[in-house]
Amino acid sequence: METLMVERVQSSLRSFMNKNAIFLCERLCAEFPSELNLQLMATCYLRNNQAYCAYHILKGTRMPQSRYLFAFSCFQMNLLREAEAALCPANEPNSEVPNGAAGHYLLGLVYRYTGRRSNAIDHFMQALALDPLLWAAYEELCILGAAEEANECFSDSVVARIYDQHLSELSSQNLYLGSEDRSLPSNRLIASGDSSPRQSKQLPANNLRDPHGITGSGQSSNIPNLSQYNTPSPTATQLSGVAPPPLCRNAQQYLNSNALGGDGSSRLNANAAIQARRKVLDDGKIRKVSGRLFSGSDSGLRRSTRLSGDAMANANSNGSQVGGTSTSHSSSKFLGGISLSSKMNSAVSRSLTNRKGQQWASENFDEGRRSEVFDDLRMDNGATTASSTSSFVPTFHDGRSNNQERLNYQMGGMSHDSKLANGIVELLGLLRILGEGYRLSCLHRSQEALEVYLKLPQHQYNTGWVLSQVGKAYFELVDFLEADRVFDLARRLSPYILEGMDIYSTVLFHLKEEMKLSYLAQDLISTDRLSPQAWCAMGNCYSLLKDHETALKNFLRAVQLDSRFAYAHTLCGHEYVALEDYENGIKCYQNALEVDERHYNSWYGLGVVYLRQEKFEFSEHHFRRAYRINQRSSIIMCYLGMALHSLKRNEEALEIIEEAILADKKNPLPVYQKANILLSLERCDEALKHLEQVKEFTPCESSIYALMGKIYKRLNMHAKAMFYFGIALDLKPPAADVAAIKSAMEKLHLPDELEDTL
């Protein structure tokens, strides 16, 4: 009964029938109370987004997987101290973090959100060491600014490690399939005991942002009681929701033979002989393949070896391109009508090579399977082999066995392992490009990141996540038109995407695209009204209409939905500053920095607040913090120069302003501020020269003409001063500037008193 109920619960979870799983699991725990069954019930509740239920169920439990699930529940409920205590008990300082890489990743998140950056980095690194394919850990390291280059993180040494881990799991599964007792209760007894650290390190990593990630993925339910083929580990088989699929054709054939059933002791003896023969063959293949793939001394001319070498060469060549800083590709080939470059042709040829290898491997696979079927039939009919040696060579229907047949039989398995190695190499090659591009984006080296992303194949480039990262890069480069185009393409390719839509709404805000921004906000609300990105877009829409109070309500709604969404806190701060509520604005910026201390927008916002409050030393400190994080932002450099100028450190101000001009020659603000600094240094002619340049870029900016009028007044050229003051008034400046300009016009023949007000 217990076995049946557990299988039904797992089947319900695989079918996303969470309520049915909860109901059945409650019956299971009432009938068979155990901590393993409590773990399964907690998993059901987490799948149903009821972390508080899992929290109460698992509180006080001691098994490693129970501690992990309890910590995850605490993390979902923002009980970070309790989550840390569950993963690292204070009374057990040397205890291992449960659930391997996923446990270290969760603990890293806890440390990150409690302000312990170095500890967070350490655990994210450990998670990557245990599971080199745990992208989420590398992503967090990039956000913290501590990620090593992707070429180092996803290097060839990682290929060997992943391959060895896979072979170890394959070997252990084959040994386990040969055991006598394969019933679910025995598995549960084994799982409840202690296990080695090596086994716990091989646990699958989980996506901590999605409760579905911690309970396993869906699996075909037409094979009953599939969980009995799990390798024993500290986690019960019922926790993962579904067991891993068989990793070799022998395991699958074993399942098929069991499904067919059998009668008589002769069939059992035949199956035992087949299992013994396959075990020896598998061990031989493991030794041969591992030595052939990584020793580099194979002199054979097997086709599978050539395919493996071709695929590895292609993957390595793609991976080696990540470190470059230039590219011959243009974004039009990815976003427009798609002409294939040499790199794309090599990717196509690589896929064709793999298809050839797969077809050839499948032929050998079928041949080997046919030989085993005929071998089974021969053994069922009572025939026996003449010696133990010949039992390791497949005997075909005509009774003959020769070297070519033996070679074909072994090569089928070798081709399978070669394809596995090729797949690992290709996947790591892809992660090298994506990882390096994301790392450069987080370091705000946006132009370099764009060049790296262009190295992706077209089908990978034209995906929602990649296009969102490309759009963010253009946003950082203040190329709003290109960012709008890329984000729009991402929306058309993936209408459901939410990644980066908060940035897209800010792009439309700067472009003053009221219609497109309104449509985007409504569309995001209809897609997922519980996403913070949707409410950030809605808030930007109202902010563009100068309705700052309504915009603030929408941004606060985004914070309520996800308190760890740093950009929502920052947007709240911007609206408070627009409403001149500087105290609450400072609090919002500080909340954003508690979530992400490298969120330079909040450091910049604090600097602006203190600059307006004329706390110039504080302002300079916060602008410098923003500048250390993003050293390529012309706007941050410009405001830092303004703070230095206010502190009468004009030479330093000029240096940083020059850097701002070089960083973005299209930005008129640093040129205007340079003219202002030159005026304070009595270098009026140079100041006028720079203002004439700015006037070409922004001919309708009233502050430019007001500053020119001020300079002409200082030069005692009153007619020109009055002329430019009049133009400034005609351009309808803000009310404060209007009062200052009129005051300067009234005192045109008096000593200059307008310097501090313009």
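Glycine is treated like the rest: Cβ placed from N, Cα and C.
Per TrEMBL, these features apply:
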type	residues	note
REPEAT	101-134	repeat 'TPR'
REGION	186-242	region 'Disordered'
COMPBIAS	193-205	compositional bias 'Polar residues'
COMPBIAS	217-240	compositional bias 'Polar residues'
REGION	310-330	region 'Disordered'
COMPBIAS	314-330	compositional bias 'Polar residues'
REPEAT	532-565	repeat 'TPR'
REPEAT	566-599	repeat 'TPR'
REPEAT	600-633	repeat 'TPR'
REPEAT	702-735	repeat 'TPR'
Q. In the predicted model, what is the mean pLDDT computed over the repeat 'TPR' (702-735)?
A. 88
Q.
Give the nonlocal contacts of the repeat 'TPR' (702-735) in its own chain as ranges (CB under 8 Å, at least six residues past its ends).
A. 672, 675-676, 679, 684, 687-688, 691, 694-695, 741-742, 744-745, 748-749, 752, 754-755, 758
Q. Which residue counts does DSSP yield for the repeat 'TPR' (702-735) in the helix, strand and coil classes, in that order?
A. 27 helix, 0 strand, 7 coil
